[in-house]
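Annotated features in TrEMBL:
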SIGNAL    1-19  signal peptide
REGION    26-49  region 'Disordered'
DOMAIN    86-219  domain 'Cupin type-1'
DOMAIN    259-345  domain 'Cupin type-1'
BINDING   His301, His303, Glu308  Mn(2+) 2 binding site
Amino acid sequence: MRAALQLSALALLPAVLGAALPSTTSGPQFDNGHPIDGNGKGAPLLGGTNRQIDIDNSDNLGKQSTDNGIVPNLKWRFSDSKTRIFRGGWLREQVIQDLPQSHDISAAQQHLSKGAIRELHWHRVAEWGFVYAGSVLISAVDENGKYQVEKLNFGDIWYFPKGVAHTVQGLEDENEFLLVFDDPDFDKVGTTFNVDDWVAHTSRDVVAKNFGLDPSVFDHVPNPNPNIFNGTVSTKNVTGNPDDVLTGNASFVYRTFQHEPEPVPGKGGEFYKIDSTNFPASKTLAATYVKLKPGGLRELHWHPNAEEWLYFHQGTARATVFIGNAAARTFDFSAGDTAAFPDNSG
Ligand SMILES: *[C@@H]1O[C@H](CO)[C@@H](O)[C@H](O)[C@H]1NC(C)=O
Ligand SMILES: *[C@@H]1O[C@H](CO)[C@@H](O)[C@H](O)[C@H]1NC(C)=O
Ligand SMILES: *[C@@H]1O[C@H](CO)[C@@H](O)[C@H](O)[C@H]1NC(C)=O
């Protein structure tokens, strides 16, 4: 069977080549998926390839004559991640095993249908979230019993410091958000602590005694933990001591559009900066939400103290990364792509 498949593939090859062989002298062929600059460099791509990906990423074919040297891959598309599906939602991640050049950050897209809950858990690392569809109810409690329960809409951001236990619940029919963690190796053992796991792996009598409840109360603790599970939106509000509510500078929530945007130099767009100056709780992550018009340019810059991690939500973009010496590489981005630009790269 295998041999037969190979034979038929080989038999097809001459016909395919005969149909579409571009000439090296008939102008640039990057946009047809061939590494030919029309100026004497390059030749047709005859081997196995995904032509559509080549066309969408023509800078990988050598289109930019200013690109030079060896720059490692700095891009990962969520479409190449494994999606884990649950009752009421899904999750797909980008961790360091996917994008080895992202040394500080890992990320995920997560979806919750109405009522579905990302169950109670905490992390050894900080979690930053951005709601881009629908609205969610977040709840969080810190080690001193200070807490916060809030409804978040498009553009709203949360930041849960390491160790702060939290849940997220979908409120609209369909809700989705970006998650960012300040550790690249997010799936490492000892990173996420689900309360269900803890209870399931502690003697039932101990758990019952701990809470002063009958052991039968814990008969139906899900095992393994469900991660996301379906539920219903409560009609009751959380009640607690109002003095313990996290507000003001202690708040774990910042609403991006509560301040005016700054113009991108050259008037090509606008950006919102969300960092320790306006969101003091977010101690380990600073962010910008950037919108560029067609042709708009985020001007030449670098960051003296940090790698830059990116997520593209809509449209297409191109970025050139200069990593020192004479090495530079241009990347094409489209919605769903993530990227990491090295510390101090231009
Ligand atoms: C969750 O899904 C299960 C299986 O479809 C269903 O039996 C259960 O009633 C659902 N629970 C809620 C709260 O929607
Ligand atoms: C819950 O809190 C919201 C906002 O403070 C308030 O508008 C609503 O009436 C409360 N609902 C109940 C059932 O107390
Ligand atoms: C809140 O934080 C900002 C920025 O760090 C600071 O300028 C401001 O004084 C703080 N406000 C209070 C009430 O502590």
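Glycine residues also receive a Cβ, built from the backbone N, Cα and C atoms like all the rest.
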DSSP helix, strand and coil counts for the domain 'Cupin type-1' (259-345)?
0 helix, 37 strand, 50 coil
Additional residues around Mn(2+) 2, ordered along the sequence, whose Cβ is within 8 Å of the centroid of His301, His303, Glu308:
Trp302, Ala306, Phe341, Ser345
Quick one: give me the count of other CB atoms within 10 A of the CB of Glu308 (Mn(2+) 2 binding site).
20
Between His301, His303, which of the binding-site residues has the fewest other CB atoms within 10 angstroms in the structure shown?
His301
Using DSSP, what's the helix, strand and coil tally for the domain 'Cupin type-1' (86-219)?
18 helix, 63 strand, 53 coil
